[in-house]
Structures are given as C-alpha cells and as structure tokens.
Amino acid sequence: MYIRHLQVTDFRSWDHVDVPLEPGPTVLVGQNGRGKTNLLEAIGYVATLSSHRVATDAPLVRQGCERALVRTAVVNEDRELTVELEIAAGRANRARVNRGAVGRPRDVLGILRTVLFSPEDLALVRGDPGERRKFLDELLVQRAPRYAGVRSDYDKVLKQRNALLKSAGKKRGDDPYAASTLDVWDDHLAKAGAQLLAARLNLVADLAPHTGEAYAGVAPDSRPARIAYRSSLGEALPEGYGEPGGERADPERLAEVLRVALGESRAAELERGVSLVGPHRDELDLVLGDTPAKGYASHGESWSFALALRLGSYELLRGEAGGEPVLMLDDVFAELDKRRRARLAEVALGAEQVLVTAAVDEDVPAELTGVRFAVAEGEVTRD
Amino acid sequence: MYEGVVQDLIDELGRLPGVGPKSAQRIAFHLLASDPQDIGRLREVLGKVAEGVRFCEICGNVSEGERCRICNDVRRDATSVCVVEEPKDVLAVERTREFRGRYHVLGGALDPLSGVGPDQLRIKELLMRIGSEEITEVIIATDPNTEGEATATYLVRMLRDFPGLTVTRLASGLPMGGDLEFADELTLGRALSGRRAL
Ligand SMILES: Nc1ncnc2c1ncn2[C@@H]1O[C@H](COP(=O)(O)OP(=O)(O)OP(=O)(O)O)[C@@H](O)[C@H]1O
Ligand SMILES: [Mg+2]
Ligand SMILES: [Zn+2]
C-alpha cells in the first residue's frame, strides 16, 4: 500500500499542509525543528491511533488550537480509502472514512499500516519492559486490528481486579462476597489475558527469524541477535509456545493455565493488592550472543537491535495479508556507519513506499534516489 | 464568570452528565429567556423528584406506585425475567417489543473501581424472587462491557443451582464495550431473539 496524499491541519507545528505522495522512496529534507518528524508522526497516528513520541494527545494539537486534523488517502491494491482523524485533547477523537463517520476511531485500524523507525526506538532496547510490551502489542494490532479491542478489554479487567484485590486485601478475608467476585474477575482476566498472551507468543515465534536476519544484515560482524518471550507464567507456560517452529499458542489452553496460576498466587496478590501473573508482567528478552542486550550492548549494537526489530516487523507484515506497510525512517541514516546505511538503503529501495527524513542531503545515501521534498518553515515543497 | 445566581445555575447544570461548560451556558440562558410557566413546570417536577422517586418493590424499576406498570400487568409472562442494570435499559428492551416477560433492575454492575460489589446491587432480591415466584427463565441483559460481562458471569454462578431454571445471555452482536441503552432496536431485538443458554 501507499499514501497518495497527506493533509495536516493544526497538528504539532503545522498550521496547514498538503503533501501529494507517490509510491517508492520519498525524502523529506529540512533543518532541525522544521516539522519533519511531525509529519511522520501524523501518518503513524492514522495507522496506530497513537504517537510514537507522547502518551497523550494534548501535545499533538497545535498550540492555541482546539483540534488537529490528519487526512490520508491510502491506496491498497488499487483501492483508495480516505481516512480522516480529528484529534482533540482530553476528548474522544473522531474518525471518518471516505467522509463518512465511523462508529469508533478504532474502526480505522488496519486501513493504513506503517512501520516507523525513529531515534526514540533506542528505548526498545534500553527502556523498561513496558516499552517492549507496547512494541509487541502495537505490532499485534497492525497484524490484526481486533487486538486493539482485546488489549483494551484486558486493561479494563486488570484495573477492576486490582481494585478488588486492594479492597479485599484490606478486609482480610471476612468478606464472603470477595472470594466469589474475585473468582469472576479471575475468570475474565484469564480469558482476556489468554487471548493477548497467545497472540503475543505467536507473534514472537513469527517475528524472531525476521529480526535475527535483519540484525545479521545491518550488523554482519556482530554476535547473533535473538528475541524470546518471557512469560510471568514461568515454567507453567506450555513447551514450544512462542518459539519459531514450535507449537502454536492456543488461547483456551492458556486461559486454563492462567486460571490455575491466578489461583496459586491469590494469597500473595491479596497481600500486595496487585495482579502478579498475566501478560502485563511479561517481557520480551533481547539477547546478543549470550548476554542480554539491555545493560550490556554498546550504543551501536543497541541501535542496530532496535533497527532490526523494526525491519523484522516490516518483513513480517509485508509477507502477510493486509497490504505491504509503508516504511518510515526518521532521521536514522546519520546514526549509521557506511555499511549499515547501504544495507538500510537496500531495504528501503525494495519497499512499495518509504518516507525518509534527514536534516541535510548528505545524510541520505546516494543510492536512495526518488522524490525529494524540502521542509521549511510552514511549507513543504517538491524539488 | 457571570455574576451571582446565573453563574450558580451554569455551575449546577455543568455538573450533569454529558453537559459541558458550553452547553451549560446555553441551557442556562435558554432558561432565563423561558416563559415563567415552563420554569414553573420544571420546578414542580424537580421538587417531586427531590421528595423521592419510588422504585417498584418487585423489580426495582422507577415506578409511580408500589409496583410498576409492568409488574402489575397480568398479560405479561411471569415465568420469564430479564435482568438489566438500569431503569433506562428496561426502556431499551421494551422498545424492541420482543420481550413479553418481566424485569429485574440491578441498579448497576459489578465495578470494584467504584466500590460496587454484589452487596450494592439488587442481587439478593433477584435470588429471593426466583425462590418464591414461578420464574423458569432468566435472561441476563447487562451491558456488553467489562463490568456488565463480569456481572453476567457472577449471576450465572449464583443461578446455576436453581433446579429447572434456564439462564440465557443476550446473543453477541451487540457492539462490545457498548451500552445497552444505545444499541439500536433492531440489533437489540436480534440479540434478544438469538439469546444463548449458559
Ligand atoms: N503542539 C505543538 N504546537 C506547536 N508547535 C509544536 C507542537 N509540538 C511540537 N511543536 C514544534 O515542532 C517542532 C519540532 O518538529 P519536529 O520534531 O517535526 O522537527 P524535525 O523537523 O523532525 O526536527 P529534527 O531534524 O530536529 O528531528 C519544534 O519546534 C516544536 O516546538
Ligand atoms: Mg525529527
Ligand atoms: Zn416492577
């Protein structure tokens, strides 16, 4: 798929801008702070309904404005759909497809698929486990949009259950209803958690070979990179789950395993007032050779690992139904040595559409020819 | 900020659900410009509400007398009870004209975050009704969201030991994460006729 047209109003630094786009490589060049990343962020928002830089919507709306508008015309196998999002801080967003309102913004997920690699991605390697869970869940939603609902159901059940654990823990067991209602929430947490967990495990099994290969491509002299899902279920996780070529994770079986684990940890959970098992406590291990990347990998290795996670995601998505994703590379060539640049340029050249940003032309590899836009104060002009 | 009582009115209106500051202001100025007779009627109704709205002693729906119109209606099927969260859900189900039984209003759903457990809902009353009336079917029509689903599961657990009682849940097809009240009649009607046994 590719974006044929991008229109942005009152988004970040942009007052209003119209950018006609084409398949193949497009390079956006402009000085620091001119709004290049803002444009990619706007596109990414249409694909994921979230920003890769901030957790709330407020910073996305141009200062002094009430709402931001992002409109993209997306072409997927000769079919064009226009997705329009109205982002208002502190209020529900509104979405339109081909100018008709859709029930919920979530309904636009899947129309545009993107993979964005940006400087922020260093946090995938160096940040908290939450960063890596978010990485997996976002990729899951790109792969199958229904997981946006699964994820949000799980979060809601988890919050309710934690609230109950806190209040029941205080009362110390002399509440006859607490145990029976906790059973109910266990049941729902296990069901929703198993769906999310199974999907993540299968995702990691499918993604692992791609990331390994991508890492070897960008850093051929380095030790091999490996990713592995580490579940809070520990030994109780059925063998082979989450491993390439292993058994596919079955949500029904996992629900049963989760139910048992929740039962076993109930005393400890009442004591501490939080849920101790479930996908919200899991981790994606990143390993270089035989040491964890986090805390051990060099800057260059960490950077390459982050890049491999994104390129691996890209390869995975493009090999599946749903349309080849749009690749976005924000400011990344400057960080890479010559060889890695060349490798990344090669991948980019093979993409149906790739959007690249750079502060100066010298940062863009020469082989990456295509459309060039100059991004200046408040305008984007094609050369 | 407006002076005195006008601002008080705007503030009070703004505390109502679904009314933002702008709408509050619009409603306030509408009221200020209204006919004194209209205001009088509104005041009268609010007064009656404040004196205490009555709830049907059987089903918990809002009611004019001790028992609501539905519980008093002998033409309604007394063997079938539809369990809903709020009085507004009774209206939603009634609009479908698919259901000829009676209701039981829980007064909410399990919601630990807001401190609502089974004790805060009219669940004991439901169990008593099932024990004493001629009820043979219970249709659980709680909202298709996290709290409503948990409430449904809880009810199923409580009801499964009654011999000869059929317990059904509204068929899916209702948008998940939704509110029964906002489901359109057709969807809700279909969900009712396609309810599944649990
Ligand atoms: N909500 C907002 N309202 C107005 N301006 C904003 C808003 N959010 C960010 N900006 C401005 O946008 C600019 C940053 O834009 P962006 O991150 O896209 O720059 P860039 O072109 O990618 O720069 P670099 O080359 O340094 O990465 C900053 O000057 C910032 O002040
Ligand atoms: Mg930037
Ligand atoms: Zn009644």
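Yeah, the Cβs are placed from backbone N, Cα and C, and that goes for glycine too.
Per TrEMBL, these features apply:
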BINDING   A:G30, A:Q31, A:N32, A:G33, A:R34, A:G35, A:K36, A:T37  ATP binding site
DOMAIN    A:2-359  domain 'RecF/RecN/SMC N-terminal'
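Counted within 10 Å of its Cβ, the other Cβ atoms near A:T37 (ATP binding site) come to 24, all protein chains included. In this structure, A:G33 is the one among the binding-site residues A:G33, A:G35 with the smallest number of other Cβ atoms inside 10 Å of its Cβ. Under a cutoff of 8 A between CB atoms, and with a sequence separation of 6+ in the same chain, the neighbours of A:N32 (ATP binding site) are A:A359. Residues A:K36, taken from the binding-site residues A:G30, A:N32, A:R34, A:K36, are distinguished by a CB atom under 6 angstroms from ligand 2.
For ligand 1, the neighbouring binding-site residues among A:Q31, A:G33, A:T37 are A:G33, A:T37, by Cβ distance under 6 Å. Close to A:K36 (ATP binding site) in the fold, though at least 6 residues off in sequence, lie A:L28, A:V29, A:G30, A:D330, A:D331, A:T357, A:V375, each with a CB less than 8 Å from its CB.
Note: the ATP site is recorded as A:G30, A:Q31, A:N32, A:G33, A:R34, A:G35, A:K36, A:T37; in the same chain, A:N38, A:T357, A:A359, A:V375 also have Cβ atoms within 8 Å of that site's Cβ centroid. Averaged over the domain 'RecF/RecN/SMC N-terminal' (A:2-359), the predicted model reaches a pLDDT of 93.
For A:R34 (ATP binding site), the number of other Cβ atoms no farther than 10 Å from its own Cβ, over all displayed protein chains, is 21.
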